[in-house]
Amino acid sequence: MNNTNDFNLKKVLPAVLTIAIGMLLVMMDTTIMNVTLPHIQSAFHQNLSNSQWVITAYTLAMATVIPFAGFLGDRFSDKKVFALAIIFFTIASFLAANAHSLQSLIIWRIAQGLTGGVVAPIGIGMSFKIIPMEKRGSMMGLLGLPMLLAPTIGPALSGFLVKHFNWTTVFLINLPVGILALIFVLLFLPNFSANKASKIDLKGALLSPFAFPILIYGVHVGADKGWSNPTALSFVGLGFIMLLLFIIVELRVENPLLHLRAFAIPEFTKGISLMWLNQIVVFGAMLLVPLYLQNVVGLSSENTGLIMVPQAIASFLGMTIGGRIFDKFGTKAAVLPGFTLGALSLSLFSQIKPSSSLAFTLCAIVLLGLSQGLVNMQVNNHALQSVPMKNISRVTPLTNEMMQVVNSFAIAFLTAFLSGQIKKQTGLSPLQANLTAFHNTFYLLLIFVSFGFILSLFLRKKVKA
């Protein structure tokens, strides 16, 4: 099925869309909780610190299971694991909606994370096996849809549901989507052979559940309570030690959980580095722009959500165009214009004021969306395409796990930087202090975009493992 001559759009398109629906189901539960959290807090009469575990537990559970996705797919077949993950994720969603206490809700959120964590890495790996190389740019762009829709639709959908119904509907909405995804899996996903002889890397399996979750939890604590907090320092330090041990083990075993040797491939390293830089910019902007619109301009959360919708539309347009450019001209031809538009967008944001027109704000938001679309899936494809197909099932969990870590660090770092900038603006009015702090943080993101542009210059036109 990897041969261009075997390409059949009627077979491949439904399969890729099925994978995209499964990924959207899981990713929505990452973004949908921010608006829902105050309602859960009120329902169970808990403080914010305790209620926050509904989000944190889900993130840590995903970080725990992602490294095992490759082994599970190889051992039991990708389709079977993907289907079972959706089944148990949907069941966990139903149980979460019927939770009788915060503790039981957290338990079912952990179950959601443990089952949903394998969906994206296995889904992307299946897509690479289904789609021939010459069509990956345009077809893999469909898998970018969940990444675009989840941050935009998630908060808006949860806001609507909790306003007109209650917080349980945020989980119940997963039931029809999960059932639909399962039907599509059974109908449209091809069968993949299982390697019954595949053996698990026991040392890596013992270390990974400690390394990544401990590190990510330490970052969460640092962002919440400050980096001088003993708990944050202890968990981050222990996480790094466990991660170092995990890396040493993975580089020595024959069949590692995560194929770290991929970093020896220059184009993979460049591609994943660009993924990190792009994620820092994207997550940073998705954090800063809504905060700016609400805290400085004074917009409501509902109006802020509406203003951010063009960003998702522009991202989809950029992803569609970028995928075709990728197929025809290679990664660099899509990514360089993408980072250029990103730099232009952040330059506009660094000059934005409460008196700026709606057209000015929308222009900056649309340029940011186009940038994200041109860069996001193209650098992901570039990195994965440089890896031999036999290793792809152990590389997609690697890229997903690293994104979890990078996203956590990016949000924590940018939140701390913004707070620090606000405190530094002594002698200014609160409004002016906030405005200056936001401008300086946008300038910081502009530096990351500049690094991305420079690194993109060194990409090979096309890669083939």
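Each residue's number is its place along the chain shown, starting with 1.
Each Cβ is built from the backbone N, Cα and C atoms, and glycine gets one as well.
Annotation comment: TrEMBL describes 15-464 as domain 'Major facilitator superfamily (MFS) profile'.
The transmembrane segment annotation in TrEMBL covers 81-100 (among others).
Marked as transmembrane segment by TrEMBL: 106-128 (among others). Using a Cβ-Cβ cut-off under 8 Å and counting only residues 6 or more beyond its ends in the same chain, the transmembrane segment (106-128) has close neighbours at 15-16, 19-20, 22-23, 25-27, 29, 53-54, 57-66, 68-70, 72-73, 78-79, 81-82, 84-86, 88-89, 92-93, 95-96, 99, 136, 139-140, 143, 189, 192, 380, 384, 389, 392-393, 396-397, 399-400.
What TrEMBL lists as transmembrane segment is 140-161 (among others).
As annotated by TrEMBL, transmembrane segment applies to 167-190 (among others). Using a Cβ-Cβ cut-off under 8 Å and counting only residues 6 or more beyond its ends in the same chain, the transmembrane segment (167-190) has close neighbours at 1, 11, 14-15, 17-19, 21-22, 24-25, 28-29, 32-33, 36, 39-40, 43, 79, 82-83, 86-87, 89-90, 93-94, 96-98, 126, 130, 157-158, 161.
What TrEMBL records for 202-220 (among others) is transmembrane segment.
Within its own chain, the transmembrane segment (232-253) has Cβ neighbours under 8 Å at 201, 203-204, 207-208, 210-212, 214-219, 221-222, 225-226, 260-261, counting only residues six or more beyond its boundaries. Feature annotation from TrEMBL assigns transmembrane segment to 232-253 (among others).
Through the fold, the transmembrane segment (274-293) approaches residues 151, 299, 301, 303-305, 307-308, 335, 342, 345-346, 349, 352, 361, 365, 368, 371-372, 375-376, 379-380, 382-383, 399, 402-403, 406-407, 410-411, 414-415, 418, 438, 441-442, 445, 448-449, 451-452, 455-456, 459 of its own chain, all at least 6 residues removed from its boundaries and within a Cβ separation under 8 Å. Annotated transmembrane segment per TrEMBL: 274-293 (among others), in sequence order.
Taking Cβ pairs closer than 8 Å, the transmembrane segment (305-326) reaches residues 136-141, 144-145, 148-149, 151-153, 155-156, 159, 289-290, 293, 299, 333-334, 338, 358, 361-362, 365-378, 381-382 in its own chain, all 6 or more past its ends. Among the features that TrEMBL reports, transmembrane segment is placed at 305-326 (among others).
What TrEMBL records for 333-352 (among others) is transmembrane segment. Within its own chain, the transmembrane segment (333-352) has Cβ neighbours under 8 Å at 137, 274, 281, 285, 288-289, 292, 318, 321-323, 325-326, 360-361, 363-365, 367-368, 370-375, 378-379, 438-439, 442-443, 445-446, 449-450, 452-453, 456-457, 459, 461, counting only residues six or more beyond its boundaries.
Among the features that TrEMBL reports, transmembrane segment is placed at 358-377 (among others).
The transmembrane segment feature in TrEMBL is assigned to 398-422 (among others). Within its own chain, the transmembrane segment (398-422) has Cβ neighbours under 8 Å at 59, 62-63, 66-67, 69, 120-121, 124, 212, 215-216, 219-220, 222-223, 227, 258-260, 262, 272, 275-276, 279-280, 283-284, 287-288, 291, 380, 383-384, 433-434, 436-438, 440-441, 444-445, counting only residues six or more beyond its boundaries.
Marked as transmembrane segment by TrEMBL: 442-459 (among others). Sequence-distant neighbours of the transmembrane segment (442-459) (same chain, 6+ residues past either end, Cβ-Cβ under 8 Å): 267, 270-271, 273-274, 277-278, 280-281, 284-285, 288, 330-332, 335-336, 339-340, 342-343, 346-347, 349-350, 375, 382, 414, 417.
Within the chain carrying the transmembrane segment (140-161), a Cβ under 8 angstroms from the stretch's Cβ atoms is held by residues 13, 16-17, 19-20, 23-24, 27-28, 30-36, 123-124, 127, 131, 167, 169-170, 173, 286, 301-302, 305, 308-309, 311-312, 315-316, 319-320, 322-323, 372-373, 376-377, 380-381, all 6 or more beyond its ends.
Each residue in the domain 'Major facilitator superfamily (MFS) profile' (15-464) has a pLDDT score, and their mean in this model is 91.
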